[in-house]
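Just below is one structure, and these are the notes that go with it.
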Amino acid sequence: MEEKRVKCKKKLTSTIGTWKYIQACIFFAIILISNFYGLKSFTDGFLLRRAVLNQTSLCENPPADVREWKNSSGCWAPKIFERAVIVIIDALRYDFLIPYNDSNYYHNAFTTPYETSVLHPENSYLTQFIADAPTTTSQRLKGLTTGSLPTFIDLGSNFAGTNIDEDNLLLQWKSLDKQIVLLGDDTWDVLFHDYLNETLSQPAFSFNVPDLHGVDNKVNQYVFDYIKDANFDVLIAHYLGVDHVGHRLGPDHPTMRDKLNQMDRCVKEMMDLLDDSTLLIVMGDHGMDNKGNHGGDSFDEINSVLWMYSKKPTFGYLKQPGKVLSANQVDLVPTLSLLLGNPIPYGNLGTLIPEPFYYYGDEYLSKAQKINIGQLNRFFSEYDLDASDFLSSSVHKNNNSYLDQYFLDFDYARDAFSYFKAIWAEFSLFPMIIGFLLLIIGGFNLALLMQDKSVIFRMSANMAPSVMKCLPVCLILILANNELHSPFPAEFYVLLPSFYILLNSFNQKLMEYFKGFVKLDYFSIFITFLHVCSFGSNSFTVWEDRLCHFLIITIGLVMFCKCFSEMSPLFACSTYSALAFILLQVISSYVTNCREEQGAFCVSTYISTPDNSLRTLIVLALMALSSIILPLILQLHLRRVLGLSLKLYHLSILYFFELISSIFWIAHHVFANDALLEKQYHHVLYSLANTYVICILGVLIWQFFLLSRSKFAKINVIERSYFVFALLYSFLSFLQRPLGHLSLFSCFLQILLLIQLKQWQPSVGHNFFSVTLGLLGLSHFFTTGNQAAISSLDWNFAFIHSKSAENQAISAIFMFLHTVGAPILTCISIPLFSFEPLSKKNRFLINLFRFSFSFILYNLLISTSTVFFAGFFRRHLMVWKVFAPRFMLSGILLVTHQLFVLIQCFGSSVVKFPEDAE
């Protein structure tokens, strides 16, 4: 009976203890949620969407009075063509069509447009076609049909497009009962489904990057018969093969030449089938860089091409002194509108491409431009009522010749375009300031808690009062805010609980607070200060990969010197670990994927396209070797540091997953260099990938279940934690290319070395190691082929599990894990730093919370710095190329780290430690 009562008492004590830990986790979550709202508030003010006007241009309401054209065949101007065939070749760069004396595969393969323009200039017009970032397909189609400028934040809708709700070309054609037929890229169907002829249209899934020919073959199956039958008014044929070859293999690959040759043959056949009343337009929606990407960072990524062809003479070339033959993509909208006889969409910002109108004389061109200017002025007046001074600059003088007046109107239209690009970069300062303050307060809260040795007791004690006092007040204020239509955003009210927590935590004297620091903690503060300040310089931000390597090597040297100051029995082991840490970082620093701004000062060594070079084969061999030695190294680490060892079946499971990973990437290399093998056996890769993912997720779920439900001895908890960490590393490394796999393996080894140094140098505080860990994750973010630039994303990992990415959620998860694999790896290693020999659960959780606070604080300071400088330099020339992408990366990493840290804290609170198992 007595024994039963003791067991019940222990069980009750354990339950109360677990609830106390969960309360501490909830309190921690409140702080992290306030950080999230800080990022959200700043983002809402910084990345604004432009206002969309609902007005629509009407046929009976022309913007300018051109009396001679009142009874013409078109709405506002005479119709020149009855039908149009619009051929979009995705990612078709301008120089792909221009002859070059070199051996690049993408040159001299698509020659028909250039040759026709040279031989028959009155029938053919070829020009550069300049896109505006963002250069995702969805945003480019919006620009090509509305004549407007999608904003930076609209980039994300490329993967979840919605119907366009502003005036556009397809709406205008539909209002005139024109039959619009789509073949190819289904992005058109997502954006303009209501306007398309459902019977004739044949949309094709667009995100299947590994499929180089499927969409193009489907287009060719119908397009030639449709042109021959002429049962359409507007035929849109959107080819994707060039874009997919660029993404998968890069532009300078034999497959690109084959694809461009195919496009050349298609265009020739279309030309033969045209009649005199049909206009053929061939264009790209954007270009690509030398790796096949098109984020919009470089000129090659926005430098597309436009070619127009007609069997009847149509084009007259206007001599403009000092003007290069080029057009903005928005210029197609008014040009195509007047050529086909429909109104120009209301929100258009483009100006006429002069050549199709100048063929009919300078008077005709001037009158057409007058309509364009009238449309621009009408939109201008509606959108910005304070623009009267600017509107008066469009002056029509009676003594001007038609051509002189055209040039005046052309310059005016270009100025209007530039003006709107400027005003759509306006920012809302109030939510930006609120967001910045929330991040600052969150930083103070974490800084105060990380030095508190009774942190779990304090957090669990403060959780209930914080919620009870702040929640009702916040709810009342938010409801009042909605009723009174207050300008304050909801994030403003998150300041209240954050500020309350700060005041409640600020109960230590300042000197007592700093007494908790050790010497190397001050050095880590100095390193953090340097990193935080570096974001004030666009050069340091661009070269952040080198800066991170420098800071980590500096930290390694300090650890090496620290070993000499404490001549302990483990002196030799500590020095060897510090030297190995430095050596691994030096080797990793040679793996880099350059960004455009680094120019000729950087040479990319990251292998993104597999080939049969000796370097690639060596990397594959080293990757296989790392898979073999990984379990052995983990076993050696456990024995040396904690006197433990992995069970045989744990080692066998690790070997199994590492073997599958190596086989997958070796097979991937073989198939990538043999098109015939890939065609026959590509399904083998997808089977391997899916087998790997399903099995490793099953093992991970099994291990988490055991840790939360079973009663283990202390050594089993630690051993299983290391096993789970190794499994997660294996999963993340599987989602890397071979060289990225080696970089992540280096990161894994460096984490183990840091754990050794922490155990063997107990006088070094946890703040030092948490800052080192944060820097290490960021450093290997760069060595795994990434940069703080959209163009560095490797989209192939969205298709690692399947030839089709119709399940976009799974594809997005794989892309995310590939991109931020290294920062995630360092984050999930935090519990391993919290274990101490013979420590109990309470001690482990205190270590875990304090280490987590310090780790999140470092990342929060980085995010706060990028937030501040992105806001401070919001008018800087490089804001959208340097400061904004870095702020977005910091925000993503901070949210990711907070999520994983919370999961770890909640999970650790329910792990069965030995004192629970008695």
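Cβ atoms are placed via backbone N, Cα and C, with glycine included.
Annotation comment: Swiss-Prot describes Asn54 (among others) as N-linked glycosylation site, evidence class sequence analysis. Counting every protein chain shown, the number of other Cβ atoms lying within 10 Å of the Cβ of Asn54 (N-linked glycosylation site) is 9.
Positions annotated as N-linked glycosylation site by Swiss-Prot: Asn71 (among others).
A C-beta separation below 8 Å, combined with a sequence spacing of at least six in one chain, links Asn101 (N-linked glycosylation site) to none of the other residues. The N-linked glycosylation site annotation in Swiss-Prot covers Asn101 (among others).
Secondary structure at Asn197 (N-linked glycosylation site), as computed by DSSP, is coil. Among the features that Swiss-Prot reports, N-linked glycosylation site is placed at Asn197 (among others).
If you look up Swiss-Prot, you'll see Asn399 (among others) marked as N-linked glycosylation site.
Annotated transmembrane segment per Swiss-Prot: 16-36 (among others), in sequence order.
The transmembrane segment annotation in Swiss-Prot covers 429-449 (among others).
Taken from Swiss-Prot, the feature transmembrane segment applies to 459-479 (among others).
Per Swiss-Prot, the feature transmembrane segment maps to 486-506 (among others); the stated evidence is sequence analysis.
Taken from Swiss-Prot, the feature transmembrane segment covers 523-543 (among others). Through the fold, the transmembrane segment (523-543) approaches residues 551, 554-555, 558, 595, 597-598, 767-768, 770-772, 775, 788, 858, 861-862, 864-866, 869, 872-873, 876, 878, 882-883, 886 of its own chain, all at least 6 residues removed from its boundaries and within a Cβ separation under 8 Å.
Taken from Swiss-Prot, the feature transmembrane segment covers 547-563 (among others), and the record attributes it to sequence analysis. Beyond its flanks by at least six residues, the transmembrane segment (547-563) meets 520, 523, 527, 530-531, 534, 540, 571, 574-575, 578-579, 581-582, 585-586, 588-589, 757, 761, 764, 771-772, 775-776, 778-779, 782 of its own chain at Cβ-Cβ distances under 8 Å.
Taken from Swiss-Prot, the feature transmembrane segment covers 567-587 (among others), and the record attributes it to sequence analysis.
Residues or ranges marked as transmembrane segment by Swiss-Prot on the basis of sequence analysis: 616-636 (among others).
Residues or ranges marked as transmembrane segment in Swiss-Prot (evidence: sequence analysis): 651-671 (among others).
Annotated transmembrane segment per Swiss-Prot: 738-758 (among others), in sequence order, evidence recorded as sequence analysis. Counting only same-chain residues 6+ beyond the ends of the transmembrane segment (738-758), those with a CB under 8 A from a CB of the stretch are 559, 573-574, 577-578, 580-581, 584-585, 587-588, 591, 605-607, 616, 619-620, 622-623, 626, 630, 633-634, 637, 640-641, 661, 665, 669, 729, 732, 764, 766, 769, 772-773, 776-777, 780, 783-785, 821-822, 825-826, 829, 832-833.
The transmembrane segment annotation in Swiss-Prot covers 853-873 (among others).
Ranked by the number of CB pairs under 8 Å to the transmembrane segment (616-636), the listed stretches 429-449, 651-671, 853-873, 887-907 are led by 651-671. Long-range neighbours of Asn197 (N-linked glycosylation site) (same chain, six or more residues apart, CB within less than 8 Å of its CB): Gln179, Ile180, Val181, Phe232. Cβ atoms under 8 Å from those of the transmembrane segment (887-907) belong to residues 22, 24-25, 28-29, 32, 35-36, 39, 43, 46, 704, 707-708, 778, 788, 820, 823-824, 827-828, 830-831, 848-849, 852, 855-856, 859-860, 862-863, 865-867, 869-870 of the same chain, restricted to positions at least 6 beyond its ends.
In this structure, Asn54 (N-linked glycosylation site) belongs to neither helix nor strand by DSSP; it is coil.
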